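If you look up TrEMBL, you'll see 38-58 marked as region 'Disordered'. The annotation compositional bias 'Basic and acidic residues' is assigned in TrEMBL to 47-58.
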Amino acid sequence: MSNLQLAIKIADIAKEADQSDTPLDVETASLQLLERHPEASQTEIEAALRETSDTVTG
């Protein structure tokens, strides 16, 4: 998958967490995404999840 697909998935996860009023479990979500996107690093995914989550909830 491409970086664009990864970015879209990250945005979807953050939006879903925001809509369900459930705190986003960044570590679990990043590990799941890392399985599908081994070219990315867990640190990068976690940072993107946090940033996107802040944007969605902000």
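Cβ atoms here come from the backbone N, Cα and C positions, even for glycine.
Where the annotation comes from TrEMBL, it is an automatic prediction and has not been curated.
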Query raised in the report: Any residues 6+ beyond the ends of the region 'Disordered' (38-58) with a Cβ under 8 Å from its own?
Result: 3, 6-7, 10-11, 13-15, 17-18, 24, 26-27, 29-31
Report summary line: the region 'Disordered' (38-58) resolves under DSSP into 16 helix, 0 strand, 5 coil
